[in-house]
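Now, the feature entries from TrEMBL:
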ACT_SITE  Asn25  active site
ACT_SITE  Asp219  active site
DOMAIN    9-127  domain 'HotDog ACOT-type'
DOMAIN    188-302  domain 'HotDog ACOT-type'
Amino acid sequence: MSVPRMHEAASPLQICRIMRPDDANIVGNVHGGIILKMIEEAGCIVSTRHCNTQEGDRCLAVLARVEKTEFLSPMFIGEVAHVTADITYTSTHSLEVQVKVVAENILTGAKKLSNKAALWYVPCSLKNVDKIMEVPPIKYASAEQEEEGRKRYDAQKLERLETKARIEEVVPPQPNSEDSPKEQHTVGFSQSSLIHLVGPSDCTLHDYVHGGVTMKLMDEVAGIVAARHCNTNIVTASVDAINFHRKIKKGCVLTVTGRLTFVSNKSMEIEVIVDATSLVEAEKGKYRAVSAFFTFISLDKGNKPLPVPVLKIEGEDEQRRFEEGNARYLQRKAKRMAAQGRPQ
């Protein structure tokens with residue numbers, strides 16, 4: 001039996017870019033979707049490089065899942081984003097990339113940690129996109145490091161299976177202008193959708209959409225929902241796991257829909273789903289491609305958190321989603337307190 005040859009993980013990759021006015025909202029905060037797109041680009045490059053260090057078909061690393069992404073501090077126009085991506089675990093057919101984003105004020109030299117994320121990629125053959133290649137195993141600094149990575153791998157695998165149960169849930173359409181107007185601060189009032197045709201510039205060498213492009217659209221929709229609910233400046237605070245259920249090909253029409261599920265005193269949880277329909281292969285119908293939960297906060301002119309208007313619940317389905325969102329909120333809060341070493 002041949003023993004797989006261990007590979008040194010690709011050197012950590014860093015990409016840098018100055019934030020421009022078109023990267024930000026009207027008050028100068030860089031959109032979370034821009035940062036998510038840069039995170040995914042760095043992850044794709046470092047994982048694709050690693051997967052092509054072995055013999056055989058050339059391949060491209062495709063995004064399968066993004067773990068919780070934290071937005072630790074806002075980034076502004078004129079700051080430089082330093083995005084560092086490092087491979088931290090490999091399984092037979094997937095690899096984990098951890099990414100950090102540091103914002104630098106090039107006028108003062110001040111730096112701050114802006115974002116942290118973990119992404120999972122799978123390598124697809126350039127000859128046959130449905131063929132998943134094996135991932136070259138990496139060398140670990142210690143057995144403990146490998147074991148911690150294996151635990152993260154098992155946890156995300158279990159969560160992906162649990163997510164499948166709800167991905168086909170139908171989202172009610174937005175009300176027509178002829179319908180009676182929705183009451184402010186209800187789910188229906190702020191629910192929003194974007195329609196996007198996937199073009200060549202959105203796609204990889206396989207003609208499948210970049211994960212970062214999809215995440216940027218999702219953040220835009222979530223931002224519209226949050227702004228409609230609060231009518232204030234809003235920013236992305238965090239993103240729960242983003243699950244990429246099925247590939248999206250060039251020529252597909254994406255319907256990206258966001259709706260409020262839960263509101264606390266100072267945060268909003270917004271469910272965002274992406275449905276895809278092929279213009280070329282219309283007989284295949286619409287399918288659920290991506291799903292995630294975004295958390296937004298409302299800010300005043302000094303970038304201080306503002307109270308969020310109470311969400312008015314209508315019906316059993318909204319009540320159920322609100323209670324599920326509350327459970328996720330309490331879980332996130334408990335994890336945050338534990339990480340800070342504070343009693344709950």
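Each residue, glycine too, has its Cβ placed from N, Cα and C.
Keep in mind that TrEMBL annotations are predicted by a computer and have not been checked by a curator.
Taking the Cβ of Asn25 (active site) as reference, residues of its chain lying under 8 Å away and at least six apart in sequence are, in sequence order, His31, Gly223, Asn233. The local packing around Asp219 (active site), expressed as other Cβ atoms within 10 Å of its Cβ over all shown chains, amounts to 26. Averaged over the domain 'HotDog ACOT-type' (9-127), the predicted model has a pLDDT of 94.
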